[in-house]
Amino acid sequence: MKTRISELVSVLNQYAKEYYQLDQPSVSDAEYDTLYRELVELETAHPELILPDSPTHRVGGKMLDGFEKYSHVYPLFSLQDAFSREELEAFDQRVRKEFPQATYICELKIDGLSISLTYEAGNLVVGATRGDGSVGENITENLKRVADVPLTLPEAVDITVRGECYMPKASFDRVNKQRQEAGEAEFVNPRNAAAGTLRQLDTGVVAQRGLATFLYQEASPSEATSQSQVLEKLDALGFVTNHEYCLAESIDDTWDFIEKIAERRDDLPYEIDGVVIKVNDLAIQEELGFTVKAPRWAVAYKFPAEEKEAEILSVDWTVGRTGVVTPTANLSPVQLAGTTVSRATLHNVDYIAEKDIRIGDTVIVYKAGDIIPAVLKVVDKYRKEQEIMPIPSHCPSCQSDLQHYEDEVALRCINPICPSQLMSKLEHFASRDAMNIAGLGSSIVEKLFGAGLVHDVADIYKLTVDDLLTLEGFKEKSANKLYQAIQTSKSNSAECLLFGLGIRHVGSKASKILVEKFGDLETLAFADQEAIASLEGLGQVIAKSLTTFFASEGAQQLLAELKEAKVNLTYLGQVVDENAALSGMTVVLTGKLERMKRNEAKAKLEALGANVAGSVSKKTNLVVAGTDAGSKLTKAQELGIEIKDEAWLESL
């Protein structure tokens, strides 16, 4: 019985690979179904014999309660965008300034959802979304229902891989036809369909929708020496990789590839929105490193956005949390990149003047970065007697005089008590990436502000249940729920609070770097500008913005009020002692460890102050080598780098 189940699992997985990955089925659907039904019957009779890679794991459904947060062991960085050949050439110049010999690999930018897959001893244990790059959602059960995601690997390896989950065009058409027949709203594009499917609580729906994947990165430490070798390894392990890539010696080569792909884009069976160009050599990648947000060794070229004509009907002016006044055009509705667009940004007053945009003009509209509708230019042939657009002289929120500084393109309201600015700051403070106060959205902020209950972020922590009950729409249950969410946020780590304060130029990544280094906001508030600027990935702009903010009397008062409200001001992540054994050292793990899992070894090294890198370079201080260590060990020996074994690591 056990042997027959094993045979069926093996042959059905092979048939599935032929069908889904190779598009070369060797048996009919009827033959597959017969074998599949036999396996189901045997597993039903003998559930103790069900194998982890059985294809029956992929079908059928169960209802999930929700998705838990998942902290990525290896962070997922976003990529710097490029929209022209000139921007690609600038990227190339930055790379070749340090590494004249660098070559590139060009891969298609799949328009889907970024995923991370983690395997232990060859078995899939976690499948997660990208989230903010540090924390995503655990969607393992749903990813198990994606036909080409391997449940087990041919080797008992510990590995974390990255890729894109997408909905092929054929699946998208089929799903939308079914939804149309059922009287349900159709998905606007394959990316939205894939995202919505992966967040389904009914796993059976995921199994039916025909999602697919392309894997492209080994996130855990790799024995490969190049990105092209990584793709070969992923292929060998049974992952689906995209073979539409090219190796390029120069930016001329990459541009040739981009132009050829652009011509074939509509004929591909899946949606793409660009081409990713990476330095192929992993050691050079390691040397180039990262900025706060993105790797310095890669860039994502985005194809020109779809453009449509629309008429500007009117213009709204709104004030953001930094006081910038932004114009937004109300348009005659147009279909653009799968959605109906009736509003588009006009950026700023300088842009309006430069393009001579007027109400009543017919303009070209596109989606900047395929996301934000924007006005590109005026269609001059339709210009009649439209008057020059009136530019506001007073803030649309508080009626204060607006400023237009010489070194800025935007109008700015500098009134520190401008209602729109204050409300926007409160919304930002409560947002998911900041203090994550569930239920405190824009409409509730507006009610709180209008009732005079809050004016700054410290006031949020002075709210009582009775205060909330005075607001329209609040009952005992909803008031208690929001109150508890506010109290819970007090225990967040300090990087959430720092980001929530909305200091100019200080994003979530920079916030974490800062509080990790200085330990708490009170220490950071008195930090020297040069000490801040010297931190990797930051610089003078962020440092000056921080020191200017904390030097103000208002900021000191705000910190005091937050502390009095018992809001945590301290970094709660792991703090490494500057005198730790490996403090400041770059360490590479290679080979197979006998007694420790690779993740455990990485965590221990980091706890000892090390920066664990994925490849050996001149910056590497130490290599920890297990058995069967390959090219990394050889390179370390050639460079004269100190080499230690697993026993040494255990002894620390």
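Glycine is no exception: its Cβ is also placed from the backbone N, Cα and C atoms.
Per Swiss-Prot, the feature active site, N6-AMP-lysine intermediate maps to K109; the stated evidence is sequence analysis. In this structure, K109 (active site, N6-AMP-lysine intermediate) is part of a beta strand by DSSP.
According to Swiss-Prot, the feature NAD(+) binding site maps to D29, A30, E31, Y32, D33, S78, L79, E107, R130, E164, K278, K302. Contacts of L79 (NAD(+) binding site) defined by a Cβ separation under 8 A and a same-chain sequence distance of 6+ are given as V276, A294, P295, A298, V299, A300, in order along the sequence.
According to Swiss-Prot, the feature Zn(2+) binding site maps to C395, C398, C413, C418. Following the DSSP three-state reduction, the secondary structure of C413 (Zn(2+) binding site) is strand.
Per-residue pLDDT, averaged across the domain 'BRCT' (577-652), gives 79. Swiss-Prot lists 577-652 with the feature domain 'BRCT'.
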Shortest C-alpha distance to C413 (Zn(2+) binding site) - which of the recorded positions K109, R130, K278: R130
Around the Cβ of C395 (Zn(2+) binding site), the count of other Cβ atoms that are within 10 Å: 24
For C413 (Zn(2+) binding site), the number of other Cβ atoms found within 10 Å of its own Cβ: 24
For the domain 'BRCT' (577-652), residues assigned helix / strand / coil by DSSP: 25 helix, 17 strand, 34 coil
Among C398, C418, which are binding-site residues, the residue with the most C-beta atoms within 10 angstroms of its C-beta: C418
Rounded inter-Cα distance in Å - R130 (NAD(+) binding site), C418 (Zn(2+) binding site): 36
Number of other Cβ atoms within 10 Å of the Cβ of K278 (NAD(+) binding site) across all protein chains: 23
Local backbone state of K278 (NAD(+) binding site), from DSSP in three classes: strand
